[in-house]
Structures are given as C-alpha cells and as structure tokens.
Number of protein chains: 2
Amino acid sequence: MNASTTALLQQTQSLSEAVTRPIPGSRKIHVAGSRPDLRVPMRQIALSDTPTANGPQPNAPVTVYDTSGPYTDPDARIDLAAGLPALRAGWIAERGDSAVLDRLSSTFGRARELDARLDAVRFPARRAPRRALPGANVTQLHYARRGIITPEMEFVAIRENQRLEALADAGLRAQHPGQSFGASIPERITAEFVREEIARGRAILPCNINHPESEPMIIGRNFLTKINANIGNSAVSSGIAEEVEKLVWAIRWGADNVMDLSTGKHIHETREWIVRNSPVPIGTVPLYQALEKVDGRAEDLSWEVYRDTLVEQAEQGVDYFTIHAGVLLRYVPLTANRVTGIVSRGGSIMAKWCLAHHRENFLYTHFEEICEIMKAYDVAFSLGDGLRPGCIADANDAAQFGELETLGELTKIAWQHDVQCMVEGPGHVPMQLIKANMDKQLAECGEAPFYTLGPLTTDIAPGYDHITSAIGAAMIGWYGTAMLCYVTPKEHLGLPNRQDVRDGIMAYRIAAHAADLAKGHPGAQVRDNALSKARFEFRWEDQFHLGLDPEKAREFHDETLPKDAHKSAHFCSMCGPHFCSMSITQDVRDAAAAQAGQPPAPALPEQAIAEGMAGMSAQFLAEGGQVYQRQ
Amino acid sequence: MNASTTALLQQTQSLSEAVTRPIPGSRKIHVAGSRPDLRVPMRQIALSDTPTANGPQPNAPVTVYDTSGPYTDPDARIDLAAGLPALRAGWIAERGDSAVLDRLSSTFGRARELDARLDAVRFPARRAPRRALPGANVTQLHYARRGIITPEMEFVAIRENQRLEALADAGLRAQHPGQSFGASIPERITAEFVREEIARGRAILPCNINHPESEPMIIGRNFLTKINANIGNSAVSSGIAEEVEKLVWAIRWGADNVMDLSTGKHIHETREWIVRNSPVPIGTVPLYQALEKVDGRAEDLSWEVYRDTLVEQAEQGVDYFTIHAGVLLRYVPLTANRVTGIVSRGGSIMAKWCLAHHRENFLYTHFEEICEIMKAYDVAFSLGDGLRPGCIADANDAAQFGELETLGELTKIAWQHDVQCMVEGPGHVPMQLIKANMDKQLAECGEAPFYTLGPLTTDIAPGYDHITSAIGAAMIGWYGTAMLCYVTPKEHLGLPNRQDVRDGIMAYRIAAHAADLAKGHPGAQVRDNALSKARFEFRWEDQFHLGLDPEKAREFHDETLPKDAHKSAHFCSMCGPHFCSMSITQDVRDAAAAQAGQPPAPALPEQAIAEGMAGMSAQFLAEGGQVYQRQ
C-alpha cells in the first residue's frame, strides 16, 4: 500500500467526532422482527419525570425513526475501509434467484480495477457483484406481485410503525384529524400492507442486491414522508474523505436517502466508498459519469457508453437511477421562450444530444433495454424531470407537463417489467400552482411515488433557498408527494458545505413532518405533544432531546443562559423571570381548574356577584397565587 | 451632561458600519407626490447589460419597496440623539385638529422627566407632545370616512405601486394569475383606493400624531403583505444602544413594522430612543410596562395604572398597542386542559389578574375609555390573541376561538369610535387547520386586518422555528393575512441576537413575497423575473443585488469562487464548467429556436427521416454547438 493510499485511509478512517458522537438524549435500540437477523434500528429518547404535588410523575420514553445507521451506535465498530455489515446478504442469498459473478460485467469497471494509478483512491475491500440468474427478476415489485412478503418488507413495516403500539402514554396519541386528499394511511402498518403498496406501484423499496448494507426503507404516499440529501464533488471542489463524511453527516441529521451527484474526479471510486458505507439507499444520475467518459462532450454520448455505465453502477450497488428519458426531441423547442431554459443538468445534456443528432432521446428509445438491466439488480427508476421549471415564470408550462405525460407512459412500461419506479418533480412553483402539479402527476403516473425538488415558492432569495423551498415542499408533501429532495442555502450559488447540508436537512425534516401532521399520519403528533409537554414543564433537557436538532437547541439556549442551574429555570432569556407566560400559566391553570367546576357566572344581583368574586379571589391568593411553581 | 450620558451617546451615535452601509446594488430614490414635502422613498437596483450577438442589450433598473429609512441614504445626516426628521409634522399641524401640549399628560411621564437618576439614559432632545383638540378625532379612519384623502394616504399609494407604471421592460410584468380567495387587489393603487380601504376598516395606516418621523405604510389584505420584527430587552439581556442598533438592523433587512417588547430596565427611555429614530411604525404591549410599575405582581395591576401607561406611551408616539381585551374570565378555564396553557405574556398576565380578582378583564370593561385615548392620538388597536395556541395540540380550540369572537365584537366597538383596528392571530397550527383560522377571522372581525405570529406548523424543531413558522406564515398570508409577525431561530430558547433578527426577517420576507405571488398581487413577479433572467445570463452581480439579501448571496458564492473573474463565469462551483445546465441551455435554446419553425416530425419513410435529421445535426454543429456561450 503506497503513501497516498495510507493517507486517504487515515483520512477516511477517522470520521470526525462531530458526525459520530451519540445524538444527545437518544439511545439506539433495535426492534426484533420474525427472525434473528431482522433487527430494526430506531432511537429511543428517555424523558425525565414531571414534578407534581403528588410526587414525580414519570414520562414514558418516546421512540423516533432513525436514519443515522451504525455510526451513532456506541456498540458498533466502524471501519470505513471495510464498509458496513452486509445485513441483507443472507436474505438476498436465500432467495436463490441471483448469483455471485466471477468478475465485473462492465467494460469500464474492469478497466478501472486494473488501473494502478487509482490504487490510492480505490476502496480497499474488493467484493464480487451479484446479478439475477438468467431469466430471473429480483425486484421487490416482482416479489410483491407474486404475493411474497420479503424480510425487507417486514423490516419496513416495523420501522414505519415507530413502536407506536408500545407507547406507554396514551395521552401522547392525541392528534388533529388530517386532510390527506385521498391517501389511504392505515392506523398500523403491516408487512402485508407494505407488500400491497409495492405491488400496486404506489410505493418503492429501493434496495439493489449489491447494496446489502442498506437498512430497508419505503417511499410512498401512505408512509412517512421522506427526504433526500445530495452529496458529491464537482470539478472545483471536494475530495473522497470529505464526501464520506458528508454522507455520515447527512444521515445523522435525518436524510432518508442520499444521492451522490459527483461530477468531478474519481466518480466511480468515490461512489464505491459511499455505497459500502451507507445504511441508506444511494441514488445517482448515471449520465454524469457517462459524460465524463466522453470528456464532457454531450454530443459524443451514446447508448453503448451509457449502457456500460448503468451496469457498472448497478454492480456497485446504486439503489436508484435518475434517468431523463422524458426529455423528448419535440419538447426541447418548448423551452426556447423560457426565462431560465433547462435547469436540470441531465435534462440539458440530453437536450443538447437530441439537437446535435436530431434524433429521439436514446434513453427513451432504449428504455426497455434499461428495464432489463434494472430488473437484474433491483435498481429503481427515478424518472428525471429534465424539463422542470427553474424559475417562477416557467412553472407549469408545456415543456414541463409534456415531459410529465411521457414519464407517466414510461412508468407503465417499467411496471410491465416489474421495475420499481418513482417520478421526479419541480422545481420552482408559486404556491397557487402547486396542487395542480400533484393532481397531474397522480393522473398521469398511476400513483407512482412523486419525488420533488422543493418546489421553491419564489426566486428572490438566493442564500435562503432552503426556506423558499421548504414552504413548497411542506405543501406538496401534504398533497401527497412521497419524497422531498432537499435544497440547501447554497442553491444557485455554489457547492454546499457541512453547515449547509445540516441546514438543508433540518428545513426538509421540518417540511416532511409538517406534511405528516397535515395528512393526519397516525402517531405523527406524538413527538410534538411530548416536546410541548416538556416545554411547558420546563424540562429543558427533554425539550432539546426531543427536537430535530438537540445540539442546536441547547447551543441557542445556552447563548444567554449557560449554567446548569438554568436548565431547571422556569423562564428563559426571552422574557425573564417575571414575564414567562408558561410560568404564570402554571398557577392560572391550577386556579382555573378549581373554578372549572363552577357554572358560568350567572346573572346575579351585583352584591352577590361581588361577594362571590371576593371569595374566589381570596381562595386563589390563599393557595399561593405565585409566579413560580414550587420545586 | 455627565460621563454616563456621554458614554451612552457615544454608543448610540455610532451605529455600526454594518447597519448603515448602502445595500449593495441599490440606490435610494424618492418619488415625488403632489406636494413638495411628499417624497416617497424606494430603492432602485441598476442592472448590467445582456451581451447579445447584436451588441449589449440594456436591462432597465428595477424599483423595490424600501423599509430601511434614511439610514441607507448616503445623503442623509444621521444624528441618533436628535432623531429623524419629522417628515409628517407639517401635515399633522395643517390639519388644525390637534394642539401641542405644554406638558406631558401622564403622571408617570411627568415623574420620569424629573428623575435625575435617568439623565444618563434619557433621550436628549425633549419634545412636547400633541393631542387632539377637545372633541376632535385625529385617526386616519376618521378622515377616511369623511372622504378626506390625507397626505399619508397619497404617500402610501405611491409606495405600494413601487413605480410599476414606470417599469421600462414590459416583459418583466409577466405573471401567473393568482388565487386570492376573494381579495380585491387593483392593478394600480390609487390614493382614493387607500382611503376606501381604510374607511371600511379593511386596512390600517398606523401613524400616531406624535410619531411624525414615520414613513407612512399600510396594512391590509389588498396591499403588499407586510412583516413585523420584534426587538426589546428583557431582565436578563440587552441595553439601549443595542436596541437602537437592532431597530436599524431590522428595518435594513425589511421589517415593515417593529414592536418594542422590552420587559427589562428603562422601558420608557428605551422606547423614546426607538420611536424618535424609527421610520417605521412602532408597536408595544403597554401591559408590560404597567406590570413593571406594580413590581411584577399581576394582581396589583389596575385600570388606573394601565390608563396612565396608555397616555404615556401615546404621547411618546407609539403607533399601535397590543391589548389583550379578549381574555375574558369565562375563557380562562378553557385553557385548563391545554398542553401548553397560555403562551402569550399579556394573556397570561390578564388571566392571572382575572382569577386573582374574579372579575372581568379590565381591558374589556374599560374598552370604550381606551378608545377615547386612542382616538386623541391616532393609536391603532392590535387586538391581542392572549389565548392563542402555543403548540399543535392546542390549535383551534374553544379558548382560542372564543377569544377571536370577542375580538370581533371589540373591533366593531373600535370602529364606532373611528379607531383603527387589526386583530392578532396564532400561533401553532398544523397546515390542514390554517385556512379555518383565516375564514373564521374574516367572518368574525368584519375583514379587519389579520396579524399572525407564524403560525408554526410543527413543534419539533426548536432552533429552527423561523422555518417551521415561515411555512404557516406563507400559507396564511396567501389566504389573506395582512401582516406576519416574525419568528426567529431563538424562539422558545432565548432572546434573539442580530444574526437571529436577520434570519427571522429573511424567512418572513420570503413568506410575505410567496404570499403576494400566490395572490397574484400585480407586479409581484417582476423581481422574480428580473432575478431569474440575471441568473440565466450569468449576471452574478445583478442576481445578488436583486436578492433579498445581497450580502449573503455574494458571501455564499464567494466561499468557493471568490475571484472577480468568477463573476462572469458561466458556472458556479455547484456543477463546474462542464455541467452547468444554464450554460448548456444557452446553446440548446439557440438551436431549438432555429428548429421551432419546423413542424413536428411527420411520419416519413425511414430514409427521409435519417436524411432530414443528419441535415439538422450538421447545421447545429456548424453553428457552434459549444458548451460555453461566447462573450
């Protein structure tokens, strides 16, 4: 091993403490399934007792969904150079419908393996890929349609329930009825329900047989709203170690999926490090690497180069491909009068190719051959919205909707091959036009999951597009979008750094959860109820721990009240000790409860009213009537 | 003048460079009205030319609404110890319906003036207050109902139009039709329309006759959506100089109104410095100072202390008072079973008072006397939502809606006195319940302007509540809310610092603008169109300058591409030079336009198709077909 390899390994083997320290207040737990090798990770947040006049009242722990993988498990031994444990390997093998190959299938992959100049960056632990046996179809959709409940489906059902059935405090289940616009979300998710949703194409479970390290998850309207974070280098920024750390950072804060959108150096090698170490599904846009192979000249792309790239990436274990097969030649002129033309990288590359050759998009013309590849590994489609609007002015135009219609057509073809499929969406859309996007996608695409980028609800805030888009994302999630692709504060300005990744994820976890609440997703309000109860009772630590970002919440509180004593203070620096409304309310509530038994003030003679009131007044003051609740 | 005064003056006289340097790319302009002393400030953003094959094409400047006051005007001479120019003084005097008093009317005010211990913090330039002549009513509502168009109304009409009629580039006016849920927004705002809206109570123009420094603005559903920022100290934080700087900072970034919510030391003196130096309306919650006067004991509050406080603050020039007159005794028990009780400071104080005395809220019982005071100075009501929900679980409950019904009743009483009135709203509300809030407020309050705090759409993100609430604020603004009170990242955790104030304002300027776009407010899309055009043409400086936060946009861009040469680069670090979709699109668009004249590909024999396509292909490549647009 040469010095460069050693250096890279040292870098990648030492994830920073910031990305691996346990999430404050949370304990990793595993919920057992029907077999010993099926253990579903979640996070449990222990809460302190509520002090009451009758002694301390315990607060049952709250369980939350956890995307952070083994990195936040103090019992896990992490070795980035070895990758994560292949938790699904047994399930894949026992299905008996795939085989380990003796070598890589792609020309590029084979050449890459032998290139000594890449030794310094290559992932050290070689693994031989799997592929479906001849004639076999290894997709979850194929199994689902044959009535088979896979271990992956069972895993997902347990995961989605978030142990609600075990929630000790029934009061936390109080929830406003939702408005789900026709979704069908059951009170309790069963493995059979998961199978059904996958079988009808309304949900996908992205899990390439070459990504056995992944913790299964599901994307669909009738499940928890999911989010995706983008990582990846570009020609002007970022190395492998940094991308791996970004991955671990992104899932720590709540990314359900990650797309590796690298366009710079060592795309193949970077991806190997990422997939081997990712507990979440990984998506890519194969066109980027294909373009790199033809030295950046879009017109030199060909089906052959692209096909080889699909196989190369499928054998690495990529779980879904964004494929811009809907950018048809006839749609391209419809972008001529747009304000921002084509903003999708993939879309603009294919548009350029189409015009250079004056031929139909080869991704479209070769679509069924793509399906043959996807079904041999269980890679899901993410049908790319290459013609999405890149500004408010271009929203909902003919180019965008024309492509959406074609994506609907392609969805049906994918389903004929039992290939899992989701459909990408906008973009930049003003609020009053958002619902039309959801309605059209439902109509055109047979309820395949919708996966949008925002949308941004205005163009005028570069530097804050995580916010302009969180607004649109929350709304379109409410209307039925299954996964929301995050946008960071760096959108339109540059490659995001770690702080931007965190900010983007927080904005999107908020949007996804706001959508779940609005849909009335069973149990969604538990966390809000638990946190608000902790807030009202001044259990500051509990409030921080239940929040999406416990570290930030504590940091902000401590900026003005840093001492430990402040963590039991019945105020914060916003209002100080005299003016804290929650403090005052404690007393108000006690007195009001005492009074609540009283009928509404009747029409009494004035003297009787005055006497009655004076009596109540004296009673309230006698009971203490103090601003501070006694400890 | 003693050493302490000198020190304070030095502090306050030296606003930091950060709050006063010109906003990058903007030039302060003044649009003349019908009289020489009526000049409406706006900002003009000059844009660079678009390079084209036929030579540079100029881009007309874009005018935007400007809240920053004289502080960003390089021609203005700022002297904080003297206050801003009294631009409305002449208009007020010539109405002839008020008189300058020879001394302050409030007991507290008089005592304060004579207290030598306050010399160090007192605003140096004394001014005698005005009050309506006996029997006169000096509110804008009173004038409006008598058919009078005041200079303030004319000012507002000019301001709201943002010089759209002078916009040279008609293409920028392209805009999607909105969905305004029954609002009535004209293509062009006239002074008569302003008068009409005020007369029917659907809008308010907050401008106390003792705040002649204010630049008139309007709050109403049929005008641009406005935002409010909160400043003010608490017992555990912040001095006068810091609060003045926060004011200037807040309006720099776009606060239309500012509320001084101080609860700490020197509330009166702090407010004087703020009002004298504020070009925007200032709101307060008089109850806070009243509580300070009774040493923090809510039960010791009385109508007499409160009345004196109203007069004291009205004579300083406060433009609107938040008054929790809807917290009725019978509603208080309805909060007993809430998760977070009463979260409004004012609401909890009044609830405590009601229970301690077992009497009806004195703000309610003395409401008409309050009106008599308000009409003598033109202070507007902001009817406080003391029983707003402080968590998702408590949203839309009986306590909240009971109070809203009473606020409707009080609005009608205020109107009987020609006192301007807006109504405050929630709070914490999940998305599916937001519209019901707007609908109920419209029904109960006669279309008086709605002024909400968010609402927050989930409780689970302390540290990010500017985002949880921007989602709800954008939606409720779309539905018809006239003003949105900001929420900062510090909400629930502590007093906001300057960074938090900026973040909160940006989130709310976004929400307000997203609402204007969704409503189809005439001209709202101009800025989005201009910015997106600049973005597409890689006019980086123009993109920054047109954004809500030019400094942040540039800073983010420069993090990865800092050199000046990068400002004409046709890429940024997100994708690098090969992959920039906008770059590629330039070429695509040219070729597509050439092709656009062609009919759709007909059903031709295969050979003819191949020949036709090869011809088009050759033509495209012959025309350049390059990734980079030539300079």
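For all residues, glycine too, the Cβ spot is worked out from N, Cα and C.
If you look up TrEMBL, you'll see B:22-98 marked as domain 'ThiC-associated'. For the domain 'ThiC-associated' (B:22-98), the predicted model reports an average pLDDT of 95.
The substrate binding site annotation in TrEMBL covers B:Asn230, B:Met259, B:Tyr288, B:His324, B:Ser344, B:Arg345, B:Gly346, B:Asp385, B:Gly386, B:Leu387, B:Arg388, B:Glu424, B:Tyr451. Under the DSSP three-state reduction, B:Arg388 (substrate binding site) is assigned to coil, being neither helix nor strand.
Under the heading Zn(2+) binding site, TrEMBL lists B:His428, B:His492. Long-range Cβ proximity for B:His492 (Zn(2+) binding site), meaning a same-chain Cβ under 8 A and a gap of 6 or more residues, is found for B:Pro462, B:Asp465.
Per TrEMBL, the feature [4Fe-4S] cluster binding site maps to B:Cys572, B:Cys575, B:Cys580.
B:Tyr451 (substrate binding site) sits 14 Å from B:His428 (Zn(2+) binding site), taking the CA atoms of both as reference points. Neighbour counts were taken as the number of other C-beta atoms within 10 angstroms of each residue's C-beta; across the binding-site residues B:Gly346, B:Gly386, the minimum falls on B:Gly346.
Look at B:His428 (Zn(2+) binding site): DSSP puts it in a strand. Neighbour counts were taken at the CB atom with a 10 A radius for the binding-site residues B:Tyr288, B:Tyr451; the maximum falls on B:Tyr451. Less than 8 angstroms from a Cβ of chain A: among the binding-site residues B:Tyr288, B:Ser344, B:Gly386, B:Arg388, B:Tyr451, B:His492, that describes B:Tyr288, B:Ser344, B:His492. Largest Cα to Cα distance within the recorded substrate binders B:Asn230, B:Met259, B:Tyr288, B:His324, B:Ser344, B:Arg345, B:Gly346, B:Asp385, B:Gly386, B:Leu387, B:Arg388, B:Glu424, B:Tyr451: about 20 Å as a whole number. Sequence-distant neighbours of B:Asn230 (substrate binding site) (same chain, 6+ residues apart, CB-CB distance under 8 A): B:Val258, B:Met259, B:Leu261, B:Cys485, B:Tyr486. Here the Cα atom of B:Tyr288 (substrate binding site) is found 23 Å from that of B:His428 (Zn(2+) binding site). Taking the Cα atom of each, B:Gly386 (substrate binding site) and B:His428 (Zn(2+) binding site) are about 13 angstrom apart. Helix, strand and coil counts from DSSP across the domain 'ThiC-associated' (B:22-98) read 10 helix, 20 strand, 47 coil.
It is 8 Å from the Cα atom of B:Arg388 (substrate binding site) to that of B:His428 (Zn(2+) binding site).
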